[in-house]
Amino acid sequence: MTPVEPPWALLAELTHGCPLHCAYCSNPLELVRRSGELDTGSWCRVMCQAGELGVVQTHISGGEPLLRPDLPQIVAAADTAGIHTQLVTSGIGLDAARLGALVDAGLRSVQLSVQHADPQASDRIAGRRRSFADKARAAAVVREAGLPLGLNVVLHRDNLDVLDAIVGLGLDWGADRIELANTQFYGWALLNRKQLLPSRSQLTRARESVEAWKTRLAGRTELVWVVPDYFDGTAKPCMGGWGAVSLTVAPDGTALPCPAAAAMPGLDPPNVRERSLEWIWRESPAFNAYRGTGWMADPCRSCERRDIDFGGCRCQAYALTGDAARPDPACHLAPDHPLLRGIVSESALGAPSPAVPRSFRTAAGRGDRV
Ligand code: SF4
Ligand code: FES
């Protein structure tokens, strides 16, 4: 058996609490209540164990991690463990004093989300008034502190047509990196797929625009295009492979090979309250379930791309077929690919109803499979 390499990254989801209500959120529908969150000591222990395990970088995320008053202590624990910390934030609540405390604790970079280049449209998509103004202020505070700033924009039907303006906004705000992330359909985004799926022509125009920007910005600002795999006919190498490069710890301590795996019944994920990260990463059945290529069936098993895309995304295979071990329907060779083609052509007909905003209130009683 090939030895298990240490993970490179830890996604630490400190809380599912969030001041925004984006319908494209990839958090699970069953959000962890604030009362169920790990306490400060437990998060500090997770960071210490992550450092010992070999984790190099942690993305401190949520929900909105700024809702945790103990954020500086958790950042400091990661820094002491030798882990590079990046704050993934909506920017709501990030002022100079708060950022100063985080920088003192060891914070190294910030990834800020924005929903649209137009303030009103951004507020509407985020479900919060004046959130765009808060984000603009947060970007300025990060630049003043001299921290690297990444801008993350989730792309969908409502903002793909203004991609040029979005890149322009990122440049105005002084972003070093602009991530243009086509919506990945998990959690709330899966629930709202009909409302979010763009048309093929929107994507074609956006892709051309990104290529032009990449040429123009080469060597200055990094531009990342996260592929819309529903449309491409190829499976993405999701998470760099299951249990291969990163792990997620959810707000209640559930440890997952990827954030969306919370929705997979039968996975029986371990919890950091009961097990060490070392055991979780190397020994737990959940992390070994789809590791490597031994679990694959045909056509993946005999495919020359199996070590490149790892058979695609397990969560997507489960969400679309009910079986996480099937080839990802995003792949044109997968037996279930026609299913995806059907979903994409249906999206051309438009959405029958408004999107469901992400919130604790609207979560009750909804399943993750659509
Ligand atoms: Fe990837 Fe499987 Fe498709 Fe081959 S058949 S390209 S391994 S998803
Ligand atoms: Fe879970 Fe792709 S999102 S494996």
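Glycine is no exception: its Cβ is also placed from the backbone N, Cα and C atoms.
What TrEMBL records for 4-220 is domain 'Radical SAM core'. What TrEMBL lists as [4Fe-4S] cluster binding site is C18, C22, C25. Residues or ranges marked as region 'Disordered' by TrEMBL: 350-370.
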Other CB atoms within 10 A, centred on C22 ([4Fe-4S] cluster binding site): 24
Count of other CB atoms lying within 10 Å of the CB belonging to C18 ([4Fe-4S] cluster binding site): 24
Segment-level pLDDT (mean, integer) for the domain 'Radical SAM core' (4-220): 97
All-chain count of other Cβ atoms within 10 Å of C25 ([4Fe-4S] cluster binding site): 24
